Amino acid sequence: MARASCAWHSLWLLQWTPLFLGPSAVPPVWALNLDSEKFSVYAGPNGSHFGFSVDFHKDKHGSVSIVVGAPRALNASQEETGAVFLCPWKANGGKCNPLLFDLRDETRNLGFQIFQTFKTGQGLGASVVSWNDVIVACAPWQHWNVLEKRDEAEKTPVGGCFLAQLQSGGRAEYSPCRANTMSSVYAESFRGDKRYCEAGFSLAVTQAGELVLGAPGGYFFLGLLARVPIENIISSYRPGTLLWHVSNQRFTYDNSNPVFFDGYRGYSVAVGEFDGDPSTTEYVSGAPTWSWTLGAVEILDSYYQPLHRLHGEQMASYFGHSVAVTDVNGDGRHDLLVGAPLYMESRADRKLAEVGRVYLFLQPKGPQALSTPTLLLTGTQLYGRFGSAIAPLGDLNRDGYNDIAVAAPYGGPSGQGQVLIFLGQSEGLSPRPSQVLDSPFPTGSGFGFSLRGAVDIDDNGYPDLIVGAYGASKVAVYRAQPVVMATVQLMVQDSLNPTLKNCVLDQTKTPVSCFNIQMCVGATGHNIPQKLHLKAELQLDLQKPRQGRRVLLLASQQASLTLSLDLGGRDKPICHTTGAFLRDEADFRDKLSPIVLSLNVSLPPEETGGAPAVVLHGETHVQEQTRIILDCGEDDLCVPQLRLTATAGDSPLLIGADNVLELKIEAANDGEGAYEAELAVHLPPGAHYMRALSNIEGFERLVCTQKKENESRVALCELGNPMKKDTRIGITMLVSVENLEEAGESVSFQLQVRSKNSQNPNSKVVMLPVAIQAEATVELRGNSFPASLVVAAEEGDREQEDLDRWVSRLEHTYELHNIGPGTVNGLRLLIHIPGQSQPSDLLYILDVQPQGGLLCSTQPSPKVDWKLSTPSPSSIRPVHHQRERRQAFLQGPKPGQQDPVLVSCDGSASCTVVECELREMVRGQRAMVTVQVMLGLSSLRQRPQEQFVLQSHAWFNVSSLPYSVPVVSLPSGQARVQTQLLRALEERAIPVWWVLVGVLGGLLLLTLLVLAMWKAGFFKRNRPPLEEDEEEE
């Protein structure tokens, strides 16, 4: 029993469990003639799974209704028994009425046995089918049990079907798997066990009225088919009896072959003609778990002998979940379609994606077996369950080939579901959908879980489609619109002669080369309106941008024309002629490519603003082309002979520098005209085009652009349109090149002269290598602060206040500057300072202060704790620290005096060596070392009359440059810094007579100035007149 329970639950889950999925991609498609805007919607009770199964029903008066199954609907006692609804068709939907059946559990006694039926949870409406006046609705999970004393058959889902005769109101039931065999009979063997049939899980009916039921749980889940004429079911039915005999019912046989175990034969069923005998019917059965879940589809004859057995290609893909039979290629033979909604394909990331697949098997001529699928339709949406349902549609667009609908009930932009329409054709089916219907219901509706087509519900001559969405408990009816088959012709002359100016523009009176364009449009179709309004749009030189069109209409000087055409469905085509002209050759570049003219025909929207009532199909778009006649000889074919030479000079490119490279190029054409000729210079990484000049008068500055081609930059310069025969152009192109650190020892420029000619369009490619080198210039400068120092000997006794009062400090500074362009590694700087900080030395090293990353060491190290002796009253002190009165100092040696003494390390004097290192110095970087020294008092006292020049000396070198290219030279250099030590003269008293002469001279000058002013009347003053004086006057 555990095995039976597990298998039964797997059947239930695959049919009923919805998946909630994320967005998925749908390939772009064009719409055909199912009206996706004006569809009818029928709704059932919430949660009833209304739409789980659907079918059309046409009564004897020709009225069409829709039969809808709702397997989870509640009965009047609020028990979940399921229900079947009949919905009269209306354009705007309408109310659905339930068909009444006896849905009560029943118990009957027959001798020592008690028969029981259990209809709660039976799933009435899981499958429905209509034939003539009869509607068959099945409940595959209806349970049955037989009790006999202490034994029982066990309560199991045998399944059952209900039949409703609409005209007479009669009812009948059919449950082919009911039996009164006790479970003890099956204790040793399950052979022949029909207790788990789930009869009616799938359902089909032949044109003759033979009912075919699939029972995937029959024979202990091998599955079986049961078929019987509907008339026999009705005639054999005995109300009030739970177990009765139905004549002429036939079952498939049990099988002990392990490949059939748990195969679920009868999971899907269909009928068709596959043996070449139209008088017989063959039965198609899907077994999706046959041969350990590989799946199979069988085509059985009337004796249930297998004619064909088709195997799945992938384990657990559920090959055979759905089957459909129709003639898609118009050869008069039925073809087979099989769905495998769990098929997984391997994607680019090597992961498996569950997308679903549909297999098309075209029936060959003669007795050949169906084996290899003719076409594979694979879903594109992850977990969309493409192929869950397949429905023949009939000839949807009236082109002579039957079409099909394939459902992906959990596909679509948000997992709401989709139905894809595939058109039949002579080769089978179109590989891409002609129309995609997106679910109008919320996510999880299962839109497309059930499909039914091939019936004209609105009597317009085109078959319509029912789509069930059980998750939303709704059904949508899509009606097919009439299809207008268009025929379009466009005629234009083969070539245009630009030199033949046979027309004049009205506005500018400019002569132009003109030509005529003729357009013809026709339309035919089944049941189309007598008067048809079409819109025709003509586009000139469509492949060019709107502002670059080479031909325009004469009347409007525009590149497009829209016409309104009125024609009947059976009238002859309507033709219209218009004039156009070729623009002047100076207004465009392209003279070689064809001029493409396009004519597109479409249906304008209705005056109410809605979609048209018909659909336009067929030849709605046509293109023709013409060309411009060229001056290229009798064959009108120009064959250029393009040449190119180039040089780049001898100077290499330097890493780190702002290089400007001058390319000398000569382009020549020794053949016929080269149209749209251009110089193409492929620039290496780091190179940028600046400008290009030519040696042609009036053509000095070339028109060039920089573009990207194949991830590299290329400079394109126009050379003429056309570049005529025997043309020679000298070109100088300037290119900036930088960022060469990773370029290697050279960069290459690829040059070529190209044209748009069809024959021999380009010159040979010239590769121009340019060497790369590394170079750096490092500058060393020195400075002394102060540049000179004046000292003088003082008379009298002074007490020493501090070291700075009596001792002068000096600084020798050396600065390194990398001017570039490259970076240097391993820079080493040596500085020699005279003296080793001994008491007898003239200079005493105080400190070494490096900056800019330098690391320095001193040998010997400065003795910062060395004690100086106290200077005597006759010692000297720097005059720049304190000055009481003006002093004279010695600028240089006077006659009889000695030259200044040079104190440096060039001789045998003892010196201090400062050694500094810098690992890396980039372009523009600076580094500095400051050496602080002070003068030694004892040395100056010993040599009071001497002047000195204090000199330090520095050298530097570089070990390498961090590049794998040749180095021009390694930087090195030296510098010296000098400080002059000057002696001041002794102070002298000013003579008294100098003072007396100065005072007397000043008094004399003042007296003379006063006398001159008196003579000039400066001291005479006049009083201003009073008012009385003015009155007297």
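Each Cβ is built from the backbone N, Cα and C atoms, and glycine gets one as well.
Here Cys161 is paired by Swiss-Prot through a disulfide bond, and of Cys138, Cys197 its partner is Cys138. Feature motif 'GFFKR motif', per Swiss-Prot, maps to range 1017-1021 of the set 202-206, 462-466, 472-476, 1017-1021. Following the DSSP three-state reduction, the secondary structure of Asp275 (Ca(2+) 1 binding site) is coil. Neighbour list (Glu282 (Ca(2+) 1 binding site), Cβ cut-off 8 Å, at least 6 residues apart, same chain): Val271, Gly272, Glu273, Phe274, Asp275, Ile299, Leu300, Asp301, Ser302, Leu307. Note: the CA-CA distance between Asp331 (Ca(2+) 2 binding site) and Asp458 (Ca(2+) 4 binding site) rounds to 28 Å. Packing around Asp275 (Ca(2+) 1 binding site) is summarised by its Cβ count: 16 other Cβ atoms lie within 10 angstroms of its Cβ, all protein chains included.
Across the range of the repeat 'FG-GAP 6' (372-431), the DSSP-based residue counts are 0 helix, 26 strand, 34 coil. Ranking the binding-site residues Thr280, Asp327, Asp335 by Cα distance from Asp464 (Ca(2+) 4 binding site) puts Asp327 first. Taking each of the binding-site residues Asp277, Asp331, Asp335 in turn and counting other Cβ atoms within 10 Å of its Cβ gives the largest count for Asp335. Looking only at the binding-site residues Glu273, Asp327, Asp456, Asp458, Asp464, the densest Cβ neighbourhood within 10 Å occurs at Asp464. Thr280 (Ca(2+) 1 binding site) and Tyr462 (Ca(2+) 4 binding site) have their C-alpha atoms 29 Å apart, to the nearest angstrom.
Summarising the environment of Tyr462 (Ca(2+) 4 binding site), the number of other Cβ atoms within 10 Å of its Cβ, over all protein chains shown, is 24.
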